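Engineer: Sharing a structure, written as C-alpha cells. Questions coming.
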Amino acid sequence: MVTLFPYVVAVLCGATSARAHWLHPAAPAAASRAETSANYWAQDAQAAINARLERVESVKKARNVIMFLGDGMSVPTLAAARTLLGQRQGKTGEETKLHFETFPTIGLVKTYCVDAQIADSACTATAYLCGVKNNYGAIGVDGTVRRGDCQAASNTATHVESIAEWALADGRDVGIVTTTRITHASPAGTFAKTANRTWENDGEVSQMGLDAKDCPDIAHQLVHHHPGNKFKVIFGGGRRAFLPNTVQDDEGSYGRRIDNRDLIQEWKNDKDSRNVSHQYLWQREQLMNLNDDLPEYMLGLFESSHMEYHLKSDPQTEPTLAELTEVAIQSLRRNEKGFFLFVEGGRIDHAHHDNLVELALDETLEMDKAVATATKMLSEDDSLIVVTADHAHVMTINGYSGRGNDILGPSRDVGRDRMPYMTLSYTNGPGFRPHVNDIRQNVTAEPNYRTLDWESHVDVPLEDETHGGDDVAVFARGPHHSMFTGLYEQSQLPHLMAYAACIGPGRHACASAAHLPSAHFFVALLALFTSILLR
Ligand SMILES: *[C@@H]1O[C@H](CO)[C@@H](O)[C@H](O)[C@H]1NC(C)=O
Ligand SMILES: *[C@@H]1O[C@H](CO)[C@@H](O)[C@H](O)[C@H]1NC(C)=O
Ligand SMILES: *[C@@H]1O[C@H](CO)[C@@H](O)[C@H](O)[C@H]1NC(C)=O
Ligand SMILES: [Zn+2]
C-alpha cells in the first residue's frame, strides 16, 4: 500500500499533483487475467476494425492548423513515455496509449538534411516549417547557405517562406509556443532567416566579427521583421536575447545584447504605433489573470533562458505547456478565417542530451497534455492537428524484462559480466562509467538511480548525448488527415498542412485550383480533336 500511495494521489488529484515525484517504483503490476484469453485479443482486433470503418474523414478546408513538435521525441521515447504514463496510474503500462497515439493517421518521416546524415533542430525546422531541406545549423534559408555564411544568407533570394507566412498571407493569425528560448532553432523556423542558429542575440553575431546589420539576430527578427512582428501569440522562455547585458530582467538575470536595445520595450512600442492592444507577460500569475477579453497581441517570456523542466519547476511561477496552449488557442480562434499555431515540447531533447531519461519522458507526457487540451477545444471537422518530432535520439529500450517491469528500473537480465543494466540506456552521452578490470560498474548499487538527476548508463563517453538518425513519427487528426500516412521526406509536412488548409503556393484541397482540369486533360482533348479532324 505504501508504494502505491503516490500513484493514488496522482490519480485522484490529476494534473496539479503531477509534479509530485515517484522516488520508489511500485511493485510491478501483473497483466490482467483477461489478456491470457485468446478471445480478448480477437475482440480487441474486431473493435479496431470497427473503429476504422466508422471513421469519417472531414474533407473540409482545415480552418485551423496546430503543429505540435516534440523536440527529439524518437519512437522509443514514445514507447517508454506511454509505459511510464500507465505505470504512474498503477498499471503494467505497455498497453497504455498517449492521447495523440489515438489519432487516426500515422506516418513516418526521414529527417536527414542536405549536408547531414543526422539532423539538428535548425535544418529540420526549415524542413517541417518551410518545406525545404537545407544545411545543418541554418534556419529559413535554402541549401546554398552553409552554416555561418552570413554573406550568403543576406541575399534574400536564399530565404524560404514558412507556413506561418502562408497563413498570414491568407488573413489567418499565427502563434508560437515553446518551453525553450523563443529564439531557439525550432520556434525560429516559423520566422527567422539565418545562416547560424546560434545567433540568437546580436552579441553572438558580433563575436564572429560580423555586423549584426548584415545578419540580424533572431530576437531582432522576431520583433521587427515580417512575419514575427505579426504573430499574435509568442510564448516561451528566452528574455535574455531581448535585453541589454547591463540590464536585469524581472527575475534578476542579465540580458545578453550588446547593442543596448530593449526589444521587449520595442515590441510594445511597435504595437502602440499600430494602435493595437497588447500585453507582455513574464510569470504564470499574469497568464492566469488574463480575462476573456484577451489583448490582441501577447508576448510571454517566462524565463531568462529555457523554461524549467516540468518536474523541476515552481508551479507558481511557470505555466505548463498545456496552460500556454489553452490561452494561445483562446486568442487565435477569434479570427474567423482561422489560424496556424506552432507548439513545441522543446526540452525532451535537452533531457536526452544529458541522459536524464525520466525528465525526457515526463516532458513528452507534458506535451501530450497540451495536445489533449487542443483536441478538447477544437473540432475534428475544421481543425487539423499534426504531432511530430524533428529528429530522434539514441535512447534505447533493452531486453528482456517481464511485463509491467518498472520502465525506469533495471532489466531483469544481467550482462555477461554478471552486472545489471537498466531497461533504458543510451548508446552515448555524459553517463559513462569507466569499467574496472573490464567489468562494468553496478549501476543499481548507486543509491540514487531512481532520482531525476541520475544519468542513465551509456557505451560511448560524450559531453552531450547525440541525436539519432532514425525516422520520426507523424500523427494527424482533422481534415485530410489521411494525407499524412506513408513514409516520406520531412520537408513535405508543411506542404501537406498547407494543402489541407488551402494556403500557400502549392496545390490546395478545396480551392478551385484542385478541380481545374489538368494539363493531361487538355492534351487528351487536343488529341481527340485532332483524331476527329483527321478522320
Ligand atoms: C555559429 O555561431 C556561433 C556563435 O557566434 C559560433 O561560435 C560558431 O562558430 C558559428 N558556426 C559557424 C559554422 O560559423
Ligand atoms: C486607436 O484606437 C482607439 C480605440 O480603438 C481609437 O479610439 C483611436 O481613434 C485609434 N487611434 C488611431 C490613431 O487610429
Ligand atoms: C548490484 O547492486 C545491487 C544493489 O546493491 C545488489 O543487490 C547486487 O547484488 C549487485 N550485483 C553485483 C553483481 O554486484
Ligand atoms: Zn538536440
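Note: Cβ is positioned from N, Cα and C throughout, glycine not excepted.
TrEMBL: automatically predicted annotations, no manual curation.
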Engineer: Have a look through Glu326, Glu336, Glu344 and flag the one TrEMBL assigns to the Mg(2+) site that Asp71, His184, Ser186 belong to.
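Structural biologist: Record check against TrEMBL: Mg(2+) site with Asp71, His184, Ser186, extra candidate from Glu326, Glu336, Glu344 is Glu344.
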Engineer: Counting other Cβ atoms within 10 Å of each Cβ, which of the binding-site residues His184, His353, His467 scores lowest?
Structural biologist: His353
Engineer: Where does Glu344 (Mg(2+) binding site) sit in DSSP terms: helix, strand, or coil?
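Structural biologist: The residue in question, Glu344 (Mg(2+) binding site), is strand (DSSP, three-state).
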Engineer: Long-range same-chain neighbours of Asp349 (Zn(2+) 1 binding site), Cβ under 8 Å, sequence gap at least 6?
Structural biologist: Asp71, Gly72, Ser121, His393
Engineer: What subset of the binding-site residues His184, Ser186, Glu344, Asp390, His391, His467 lies within 10 angstroms of His353 (Zn(2+) 1 binding site), using C-alpha positions?
Structural biologist: His467
Engineer: Considering only the binding-site residues Asp390, His391, His467, which residue has the minimal Cα-Cα separation from Ser186 (Mg(2+) binding site)?
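Structural biologist: Nearest listed residue in space: Asp390.
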Engineer: Going through the binding-site residues His184, Ser186, Glu344, Asp390, His391 in sequence order, which have a CB under 6 Å from an atom of ligand 4?
Structural biologist: none
Engineer: In whole Å, how far is His184 (Mg(2+) binding site) from Asp390 (Zn(2+) 2 binding site) when you measure between their Cα atoms?
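Structural biologist: Roughly 13 Å, rounded to the nearest whole number.
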